[in-house]
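J.: If you scroll down you'll find the structure; I have some questions about it.
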Amino acid sequence: ACSFSCSINTSGFTRMSPSVACLVAVNTSLVFSSQSVVLNKRSGFIPCKGGGEGRIHLLKIDYALPVKRILCSATAAVETHRAEEDNVHTWPSWRANIDLKWIRDNKEAVSLNAHNRKSTANVELVVALYDQFSNVQTEVEGLRAQRNAVANKMKGKLDPLERKKLIEEGKCLKDRLAALEEDLAKLMDKLQKEAQLIPNLTHPNVPVGGEDVASLRKMMGSKREFQFPVKDHVELGQELDLFDFDSAAEVSGAKFYYLKNEAVLLEMGLINWALTELVRRGYVPLSTPDIVRSSVLEKCGFQPRAQNTQVYFINGSDQCLVGTAEIPVGGMYMDSIIANSLLPIKHVAFSHCFRTEAGAAGYATRGLYRVHQFSKVEMFVICRPEDSEVFLEELISIEEELFSSLGLHFKTLDMPSEDLGAPAYRKYDVEAWMPGLGRYGEISSASNCTDYQSRRLNIRYRPAIGELSLSTDVKPKQGKSSLPPLQFVHTLNATACAVPRMMISILENFQRQDGSVIIPEALKPFMGG
């Protein structure tokens with residue numbers, strides 16, 4: 001058994017890291033070297049020499065196959081194991097297109113931004129690693145130039161002694177270069193790991209501090225007057241036979257629930273109402289997978305392995321349950337170049353959401369307020385950089401229109417720096433009055449993530465000629481092509497309807513003295529009239 005990793009270099013060879021062998025002839029076995037080995041693309045054989053021994057089953061390569069399919073075939077053919085030794089280097093599964101030079105050149109501003117957002121990112125370490133990486137990279141490039149110079153000298157007729165001398169020099173350069181390239185790869189891994197923790201920049205108008213400094217954007221409607229003692233949604237649900245928390249706790253555990261009778265119709269009505277309203281506004285509907293690869297979650301800016309993570313992992317796989325449709329929708333455009341004419345792309349997506357809600361407990365979170373599984377309708381926008389602030393305004397305005405049409409009393413807040421998730425440049429929260437709970441509760445949010453997610457998901461577009469974004473310093477390259485360079489898109493997300501919180505708001509605000517609940521007029525067509 002052996003550990004397998006591989007990358008493709010520009011010379012047309014497939015280079016393997018140490019303790020690796022791979023891919024050559026069917027029904028063959030080979031004693032291989034623990035030294036770095038190179039697969040000759042023309043012959044399809046691995047030259048090996050020296051070092052420790054191991055035995056591996058080999059696989060014939062079809063060079064017409066894409067690299068991804070070759071690697072999948074290799075993984076299926078080779079018995080692998082996860083190296084447990086601390087000194088074994090693990091290659092990263094993906095790399096973010098982070099502008100490390102910009103971070104180094106703006107170190108003080110980036111550090112202050114991370115501090116204001118209570119981020120654990122170590123900007124000083126990132127800059128130090130980047131400088132170290134740059135120095136090693138310069139050394140590697142110098143050795144490559146020397147190696148090429150030696151190779152050029154050997155092309156002509158040479159004295160045997162001179163040729164032998166050049167061969168020895170070339171071998172020495174090759175060994176030094178292999179060691180430095182390994183160091184360079186390890187440095188890049190460390191650099192990526194630390195740099196990916198740095199949060200997005202923050203809009204200059206975002207309040208600095210905690211929740212207490214959130215800025216009021218708008219107050220809509222007013223608190224309803226009740227001439228009788230109000231009940232919370234849990235009590236109402238029990239009396240109207242809408243929920244079963246006890247059975248769900250036995251079947252699934254705490255913070256799960258059964259919806260019953262009219263509550264089921266209300267859930268479906270809310271979903272269809274939200275989808276209909278958004279489709280009417282030009283948003284393209286999607287129903288997304290509930291499971292994604294953990295790498296997609298990371299590329300969307302979430303830290304699934306952080307302490308108190310909200311993520312459910314699937315044991316024995318690289319997959320996890322989604323906490324929001326934002327993740328699979330963003331992943332759908334991963335590694336793509338979008339035609340300028342197709343922007344903006346606007347989706348409304350339905351999904352189930354799964355969250356561990358680590359640390360959440362108490363009366364304020366009981367019932368449906370904070371649960372492990374729920375249904376949600378999410379808006380997602382992909383746009384040009386110069387348009388993202390306009391679309392953030394569009395998203396929050398849609399939310400305000402939707403909730404106003406239900407007759408809810410709510411407020412919209414410009415959330416402070418400490419309340420922003422890593423991807424968000426700016427975030428608005430919507431909090432509705434919940435009379436049974438006696439407080440405002442969050443029912444929605446809208447975030448502008450600028451290019452934070454697209455740099456990780458690798459989603460780009462090419463601006464039209466003469467329309468290069470004013471929000472970037474990238475300039476068209478002089479040369480054969482007059483096309484503007486590719487740019488990263490901006491992404492935004494917003495909640496149209498988180499079903500449990502909307503149920504709470506409707507049940508508690510529209511309850512009557514006899515214990516019944518009036519359904520808002522906007523929802524009646526979606527609940528059988």
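Using the three backbone atoms N, Cα and C, a Cβ is placed for every residue, glycine included.
A TrEMBL annotation is a machine prediction, not a hand-curated record.
Found this in TrEMBL, in case it helps:
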type    : residues                                                                               : note
BINDING : THR324, ARG355, GLU378, ASN493                                                         : L-serine binding site
BINDING : ARG355, THR356, GLU357, VAL371, HIS372, GLN373, PHE374, GLU442, ILE443, SER444, SER445 : ATP binding site
COILED  : 163-197                                                                                : coiled coil
DOMAIN  : 232-520                                                                                : domain 'Aminoacyl-transfer RNA synthetases class-II family profile'
SITE    : THR495                                                                                 : site 'Important for serine binding'
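I'm curious about the neighbourhood of these features; can you describe it?
T.: Using a 10 Å Cβ-Cβ cutoff, GLU378 (L-serine binding site) registers 27 neighbours.
The Cβ neighbour count for ARG355 (L-serine binding site), using a 10 Å radius and every protein chain shown, is 20.
Under 8 Å from some Cβ of the coiled coil (163-197) lie the Cβ atoms of residues 17-18, 36, 89-92, 95-96, 98, 100, 103, 119-122, 125-126, 129-130, 132-133, 136-137, 139-140, 143-144, 146-147, 150-151, 153-154, 298, 303, 422, 456, all in the same chain and six or more residues away from its ends.
Across the domain 'Aminoacyl-transfer RNA synthetases class-II family profile' (232-520), mean pLDDT in this model comes to 93.
Shown in sequence order, LYS376, VAL377, GLU378, MET379, GLU399, ILE443, SER444, SER445, ALA446 are the residues of the chain, 6+ apart in sequence, with a C-beta less than 8 angstroms from the C-beta of THR495 (site 'Important for serine binding'). DSSP assigns THR495 (site 'Important for serine binding') to a strand.
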J.: Any idea of the Cα spread of the L-serine site, THR324, ARG355, GLU378, ASN493, as a max distance in Å?
T.: 18
J.: If I restrict to non-local contacts, at least six residues apart, and a C-beta distance under 8 angstroms, what lies near HIS372 (ATP binding site) in its own chain?
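T.: Those within reach of HIS372 (ATP binding site), by Cβ under 8 Å and sequence separation of 6 or more, are SER252, GLY253, LYS255, PHE256, PHE354, ARG355, THR356, GLU357.
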J.: For SER445 (ATP binding site), which of the three DSSP-derived states applies: helix, strand, or coil?
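T.: DSSP assigns SER445 (ATP binding site) to strand.
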J.: With a 10 Å radius around each C-beta, find which of these binding-site residues (THR324, GLU357, PHE374, ILE443) has the fewest other C-beta atoms nearby.
T.: GLU357
J.: Check the DSSP secondary structure of THR324 (L-serine binding site), expressed as helix, strand or coil.
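T.: Once the DSSP labels are grouped into three classes, THR324 (L-serine binding site) ends up as coil.
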J.: Out of SER445, ASN493, which of the binding-site residues is least crowded by other Cβ atoms within 10 Å?
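T.: Counting other Cβ atoms within 10 Å of each of the binding-site residues SER445, ASN493, the minimum falls on SER445.
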J.: Would you mind pulling the DSSP three-state label for GLU357 (ATP binding site)?
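T.: Coil, per DSSP.
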J.: Taking only the Cα atoms, work out how far PHE374 (ATP binding site) lies from THR324 (L-serine binding site), in Å, as a whole number.
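T.: So the alpha carbons of PHE374 (ATP binding site) and THR324 (L-serine binding site) sit roughly 10 Å from each other.
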